[in-house]
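Presented below is the structure to which this report refers.
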Amino acid sequence: MVKPRTNLTDIDGLRAIAVLGVVLFHLQVSGFAGGYVGVDIFFVISGFLITGILKDQLISGEFSFGAFYGRRVRRLFPAILATVFATTLAALFVLQPLELEAFAKSGVAAIASGANILFYLEAGYWDADSALKPLLHLWSLGVEEQFYLLWPALLWLLFRSCRPSSNAYITTLVALLLLSFGLSVYFTDRDQPAAFYLLPFRAWQFCLGAVALELWQRLHISLFSQQLVRSAGLALCCIGFVVLEDGSSFPGWQALIPSIGAALVLVAANADEPSPLLSNRPARWVGQISFSLYLAHWPPIALLSSWYLTPLTTPSRLALAAIITLATLVLYYGVERRFYQRHSYQSDNGRLTVYGSIVIAVLLAACLTFIAFQPARFGYQEVQLDAAAIKHYKRERDSLIDAGCRIDQLDDPSRCPASLVEPILVFGNSHEKDAFNFLTTALPASRSPSIVYFGGVGGCGKMTPEGVFTREEDWVVAASDSCQKRIDALWESLESVEWSMVLYSSKSPFARNKTDILHILQTIKTRQPSVKIALMGGLISTTRECAFFINRFGNSRACIRPGALSKYYADPKNDGGAVYYEDFMALGDLYIDKAGLVCTSPVDVQSCETETPEGHPMFVDRHHLTLPYAQLLGRRYLERYPDWYRDLTAK
């Protein structure tokens with residue numbers, strides 16, 4: 001006998017656990033390093049509840065796409081729009097123009113139910129800058145809204161071909177679950193942001209909720225068994241909060257822990273004998289306000305982090321907790337409860353809320369679009385580097401290398417010379433561009449070697465302790481096709497091109513995760529013993545974009561002030577992560593000390609020049625040199641060592 005769907009108060013308690021885990025994680029409370037998995041619990045709950053609603057309506061013949069989508073709009077959009085609007089008002093005063101531009105784009109994406117897609121394209125939940133995105137948390141609502149858009153049609157088609165009580169229905173749900181989960185595991189190792197943000201790789205959690213619904217309706221287990229299953233589920237959820245610290249490998253297999261935990265709690269839910277832990281009055285109340293709490297909790301944390309330069313402290317956490325509580329109560333009682341009541345879509349007020357939400361959404365999106373195009377006009381902060389200037393420096397940094405010869409274009413006469421002269425290969429991660437720009441002024445006028453660049457190893461695979469490549473016999477294999485094409489071209493060039501020099505550049509060039517780079521350079525040296533290996537050291541990195549500190553304090557020296565400086569790389573031998581220093585130096589024929597060119601002391605970062613004589617900053621992001629500054633280093637090196645290239649190649 002199939003149990004009829006009923007009000008399960010345990011679900012409110014499960015929601016409370018999920019949302020508190022997320023909030024405590026974002027407040028950086030000790031012991032909740034994995035609190036972000038509360039979102040996974042929400043996904044399973046949504047699959048359970050929405051499938052139940054749709055299933056009942058489809059069976060009874062009362063289902064209507066219009067009514068379903070109308071209820072979803074009424075349920076979600078008033079609170080979401082209020083959150084975006086209130087956060088926008090605060091952001092105008094707190095954020096700098098470039099940050100405000102990014103914020104406005106995220107606001108438009110959130111209104112259009114596509115925040116997850118935007119943040120995937122920006123690739124940033126685990127980036128340091130993710131802590132500065134006030135609407136980042138709306139990515140999960142983007143996933144949910146896309147699920148709400150597609151799931152009704154899928155169930156409608158499924159119910160037309162099989163009965164909801166049939167094995168075919170269950171088999172289809174399980175097949176969808178396994179397909180999505182398999183894709184999630186596969187892409188977590190190859191494109192983790194996609195697996196984290198996008199619906200195809202999260203759909204299995206909603207399907208798991210749907211399967212949990214079928215088990216709940218069909219299984220009739222004893223009260224003791226229910227308590228046992230529920231306890232196991234709660235334990236898994238709590239384990240996820242504590243042990244899943246490294247989000248860079250999430251979701252993948254790790255997402256099974258909170259997801260199965262949530263599913264077990266749902267399967268064991270009992271309307272007549274609810275859990276004292278989950279169905280007590282405080283737990284139920286937190287669960288009932290969980291949507292508003294989730295919406296309200298993150299913007300204050302992100303905006304405070306954007307304004308202040310120090311990590312969260314206990315007093316600041318307590319202050320934030322008070323602000324979040326107040327904002328949640330205002331949002332819940334002032335917006336969510338006022339505009340949403342179950343089964344109210346058919347009323348005039350219900351339709352008015354839906355149509356009004358759509359109109360307000362369009363108007364708010366239009367305002368945010370204007371802000372995105374002219375952030376300096378709408379923001380209240382006066383800055384030294386506006387959004388246009390920062391973008392110019394970033395584009396300018398790429399301008400020379402983008403017009404250059406890449407390793408896989410050696411046969412393209414429009415990009416590479418037909419005959420290479422004393423060819424130099426520039427190789428590295430994102431700092432490869434700095435080395436390329438450095439060479440444009442560091443090479444003597446009497447020599448005109450052909451400069452070829454690899455294209456950076458950053459997109460070649462997931463970063464592991466050994467690097468981004470997989471070692472295979474004498475060479476390496478890349479995870480991406482585009483990088484594999486370049487690494488194959490490099491291998492082939494060892495037969496067709498007689499390289500005069502390879503210049504390797506990285507922020508931390510000798511770190512543990514450079515094992516694969518060391519192997520590549522060793523192989524090049526083995527295949528071409530006459531090639532000279534030049535190693536370029538690091539310089540400086542900051543805790544936030546240097547442009548932020550320039551704008552906050554009015555000059556580039558602010559980028560090396562306490563609180564702004566992340567690391568000074570003047571002494572690579574004593575860099576804590578430089579485990580391969582000796583190996584690289586034994587292989588290299590030349591070490592180019594960037595810090596020695598612009599800093600007078602290897603131990604005092606305050607001795608460094610933070611801009612060119614013309615006033616161009618060393619960088620506007622966290623550590624990639626601007627073109628003028630990289631070329632300043634090149635000129636300094638040539639002035640100090642005018643015969644460096646001749647002496648190196650003559651060895």
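Quick reminder: no glycine exception, Cβ is built from N, Cα and C everywhere.
Per TrEMBL, the feature domain 'Acyltransferase 3' maps to 10-331. Confidence across the domain 'Acyltransferase 3' (10-331), taken as the mean pLDDT and rounded to a whole number, stands at 92.
Among the features that TrEMBL reports, transmembrane segment is placed at 12-29 (among others).
The transmembrane segment feature in TrEMBL is assigned to 35-54 (among others).
Among the features that TrEMBL reports, transmembrane segment is placed at 75-95 (among others).
According to TrEMBL, the feature transmembrane segment maps to 136-159 (among others). Within the chain, the transmembrane segment (136-159) has long-range Cβ neighbours (under 8 A, six or more residues past its boundaries) at 22, 26, 39, 42-43, 46-47, 50-51, 54-55, 58-59, 63, 65, 68-69, 72, 76, 80, 83-84, 106, 109-110, 113-117, 119, 124-125, 130, 169, 172, 197-199, 202-203, 206, 294-295, 297-298, 302.
Within the chain carrying the transmembrane segment (168-188), a Cβ under 8 angstroms from the stretch's Cβ atoms is held by residues 158-159, 161-162, 194-196, 200-204, 207-208, 210-211, 214, 249-253, 255, all 6 or more beyond its ends. Under the heading transmembrane segment, TrEMBL lists 168-188 (among others).
Feature annotation from TrEMBL assigns transmembrane segment to 250-271 (among others).
Listed as Cβ neighbours of the transmembrane segment (291-310) (distance under 8 Å, sequence separation of 6 or more from its ends, same chain) are residues 19, 22-23, 26-27, 42, 79-80, 83, 86-87, 90-91, 94-95, 99, 131-138, 316, 320, 323-324, 327-328, 331-332, 335-336, 543-544, 563-564. If you look up TrEMBL, you'll see 291-310 (among others) marked as transmembrane segment.
The transmembrane segment annotation in TrEMBL covers 316-334 (among others).
If you look up TrEMBL, you'll see 354-373 (among others) marked as transmembrane segment. Beyond the ends of the transmembrane segment (354-373), by six or more residues, the same chain brings 70, 73-74, 77-78, 81, 84-85, 88, 92, 100-101, 104-105, 107-108, 111-112, 345 to within a C-beta distance below 8 angstroms of the stretch.
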### Query
Counting Cβ pairs under 8 Å to the transmembrane segment (12-29), which of 35-54, 75-95, 250-271, 316-334 comes out on top?
35-54
### Task
Sort out the residues at least 6 away from either end of the transmembrane segment (35-54), same chain, that have Cβ-Cβ distances under 8 Å to it, and list them.
5, 11, 14-15, 17-26, 29, 63, 68, 140, 143-144, 147-148, 151-152, 155, 202, 205-210, 212-213, 216, 237, 240-241, 244, 247, 250-251, 255, 257-259, 261-263, 266, 294
### Query
Which sequence positions outside the transmembrane segment (250-271), separated from its termini by at least 6 residues, show Cβ-Cβ distances below 8 Å to it?
6-11, 14, 18, 36-38, 40-41, 43-45, 48, 184-185, 188-189, 192, 195-196, 201-202, 205, 208-209, 211-213, 215-216, 219, 221, 223, 225-227, 229-230, 232-241, 243-244, 278
